[in-house]
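Input: a single structure, listed below in structure tokens.
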Amino acid sequence: MSDNVPTIAAVATAPGRGGVGVIRISGKNLLPMAEALCGKTPKPRVATYADFTDADGQAIDSGLLLFFAAPASFTGEDVIELQGHGGPVVMDMLLNRCLELGARLAEPGEFTKRAFLNDKLDLAQAEGVADLIDASSRSAARLALRSLKGDFSRRIHGLVEDLITLRMLVEATLDFPEEDIDFLEAADARGKLDGLRRAVDDVLANAQQGAILREGLNVVLVGAPNVGKSSLLNALAGDEVAIVTDIAGTTRDAVRERILIDGVPVHIVDTAGLRETDDVVERIGIERSRKAVSEADVALVLVDPREGVNDKTRAILDALPPELKRIEIHSKSDLHAHAAGGFGTGAETVIALSAKTGDGLDALKRTLLREAGWQGEGEGLFLARTRHVNALKAAQEELSLAALCGNHQIELFAEHLRLAQVACGEITGEFTADDLLGVIFSRFCIGK
């Protein structure tokens, strides 16, 4: 990083009241600031108890000051942490004192961004910080910690090292074109490429599982009015999150709920009827429902077996994207017998279900996990993001193209290897555009 980097400060603990509140400061040569804050010269990595004072020497609070000298800190710069009482007024006064002493307010994720830019973390590890904070289940937290501790990064670095080794082998032959084929055959370049492809496939499979655990499955409930969509949402959520009445059209807006199935987040939207209406409020809800449908991975199509697919249901089905996966739900199975087979909704799976008794809910949950592609938490998994999966798919594609190169296409072979390396490097931040970094770190919380 440049030497002209400003000192930054932020509250590092959650907003609101608490037993302890933490102010984090990062920059260069922070000892004078530490002395101004507490009237003492702190020793690195030693907790110093002191009064934190304002510009007039009046105590704002008392607590612990921790000083971490560069480069042995989270950000790689000098870092100060003030641990005081966790009231919002006290935290605000302490933060303002830091700003008076020359710091500026940190942007979201700026501490972690500095850690990345100072080579304390790679990009996958930095994302692991945010994913650990945002984890929605114990499984997600465990896998995010693995990413933060470098499990994912080590797999990627191993791929990159093997790619570099193979590239050096292939590119060296370009200087001796008359011997290239024999040289590559003797070095088993094709065998090494096959091994690389298998390794990428393995990391990709793990990354896809990690992405499922982080990002989950988007599900929409669709069907004719009063067919039981809201009742099913309540049954899945285990709570009254949607109003249930016998009046058709009760749901005038999309109702959203997140549930966990074996640690996998499932984002469910109970759609307002996908129909035309003159009601302004209902029309807004229908537009939101259409947006939810466009973003969905799976549609649960609710059908009353006594009526089958009526005109209203058919109109809803026609409004669904043809490629959207569908599960046909025969609702209210406690009131009538389950109809054999489906009703031509385009679904491969049909489940009879009663939201009232719970019959069929477990079968539906298992089906949703299968649709998500979740295979269960196993050894070697780590939390991953869609961008990681896409980068690994790009590397996989480049290696497949390299495998198609003939014996006299050495330059093309080498280029595909280079592009595969670039794709892998995007995961750890070795090859990453500044605008992508801005997007990634802007989604962190302030103070991290």
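Heads up, the Cβ atoms here are built off N, Cα and C, so glycines get one too.
Feature annotations, reproduced from Swiss-Prot:
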BINDING   Arg24, Glu81, Lys120, Lys448  (6S)-5-formyl-5,6,7,8-tetrahydrofolate binding site
BINDING   Asn226, Thr245, Ile247, Thr250  K(+) binding site
BINDING   226-231, 245-251, 270-273  GTP binding site
BINDING   Ser230, Thr251  Mg(2+) binding site
DOMAIN    216-373  domain 'TrmE-type G'
Glu81 ((6S)-5-formyl-5,6,7,8-tetrahydrofolate binding site) to Lys229 (GTP binding site) - Cα separation in whole Å: 50
For Ser230 (Mg(2+) binding site), the one of Arg24, Lys120, Lys448 that lies nearest, given that the binding-site residues are compared by Cα: Lys448
Separation of alpha carbons, Asn226 (K(+) binding site) and Lys120 ((6S)-5-formyl-5,6,7,8-tetrahydrofolate binding site) (Å): 56
Asn226 (K(+) binding site) and Lys448 ((6S)-5-formyl-5,6,7,8-tetrahydrofolate binding site), Cα-Cα, nearest whole angstrom: 47
CB-centroid shell, 8 A cutoff, (6S)-5-formyl-5,6,7,8-tetrahydrofolate site Arg24, Glu81, Lys120, Lys448, site residues removed: Ala12, Ser26, Ser73, Phe74, Thr75, Val79, Phe111, Thr112, Ala115, Gly447
Fewest other Cβ within 10 angstroms of its own Cβ, chosen from the binding-site residues Arg24, Lys229, Lys448: Lys448
Arg24 ((6S)-5-formyl-5,6,7,8-tetrahydrofolate binding site) and Asn226 (K(+) binding site), distance between Cα atoms, whole Å: 53
Pairwise Cα distance for Lys229 (GTP binding site)/Arg24 ((6S)-5-formyl-5,6,7,8-tetrahydrofolate binding site) [Å, integer]: 48
Asn226, Ser230 as binding-site residues, winner by CB count within 10 A: Ser230
Cβ packing number for Glu81 ((6S)-5-formyl-5,6,7,8-tetrahydrofolate binding site), 10 Å threshold: 19
